[in-house]
Amino acid sequence: MPAGRKWSYPMYNLTGLELKNPTILAAGVLGTTGASLCRVAREGGAGAVVTKSIGPAPKTGHSNPSMIKLDCGFLNAMGLPNPSYPGFLQELEFAKNNSAVPVIASIFGGAPSEFAEVAEGLLPAKPDALELNVSCPHAEGYGAAVGSNPCLVEAVTAAVKDVVNVPVWVKLTPNVADITCIGNAAESGGADAVVAINTVKGMAIDIESGYPVLGNRSGGLSGKAVKPVAVKCVYDLYTALEIPVIGVGGVSSWEDAVELMMAGAAAVQVGSAVYDRVDIFSEIGAGIEAFLERKGYSDIQKIIGLSHEMV
């Protein structure tokens, strides 16, 4: 939104969190420090922010190059680098004390007990919610290695719910035969919402040398190219689940956000597009608001899942 302009609709409730608008920073490099999270909230206008994924032990991630820009988006294989939950507590506390928006901690582990350990270990910093990363496609033993197994997803979700009293979101991988099976497992485990989608498996090769471009060879594709995948996944999950679906994948404009919301997203996360402009959240919020006014919708809830009424 233009400087000084605020979302004029009522505060937006999502799993009990009060958001100033339905846009959220997706987990990624801008969530690495408390200062960067605050910048996105204050300068960018995000309704909430999600941290970089944090695990049980320090992790350096994959060798460079670990991220490249493509015509259609980004390809990355970061490998979940992080300082561990004890090493991140101070950053999370800073974000909580200075961002003025809900702060969601993204966490990962290789087993239910590790997820529970990290979740419980971050509680002193008082995150507003937790997002379980069971969907990263380029970290062996973590992420999608967990998130492609419905039984394990249910167990991980239940283990975290047992040790926290804040909302738990589960971020799903699109790299499965049927994402609704994974969504149902998360819901059965007690998830308060699911987030769809994480990156799509991808690869790039330097044709002059024949070498894969990424240090890890393959990685995850994000950006505009994955939006149709995200729309379909959100649409299917909205039909299959009773809990909210948070849409993410390829959102770079208010039109993209509205499309995901019509597919069933209760809110939208933005990741890759933030690399071009941090104030994209304000732009998207203003665009959604203008769209609602132009179409005569008195409540943003009127467009959530609207496409399901058209068939």
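Using the three backbone atoms N, Cα and C, a Cβ is placed for every residue, glycine included.
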Per Swiss-Prot, member of LYS52, LYS96, LYS224 binding substrate alongside ASN76, ALA77, MET78, GLY79, LEU80, ASN133, ASN198, THR199: LYS52
Maximal Cα-Cα distance (Å) across residues annotated as binding substrate, namely LYS52, ASN76, ALA77, MET78, GLY79, LEU80, ASN133, ASN198, THR199: 16
Recorded positions near GLY79 (substrate binding site) (Cα-Cα within 10 Å), from LYS52, CYS136, GLY271: CYS136
Between LYS52 (FMN binding site) and THR199 (substrate binding site), the C-alpha gap once rounded to whole angstrom: 14
From binding-site residues ALA77, THR199, GLY249, the one whose Cα lies nearest CYS136 (active site, nucleophile): THR199
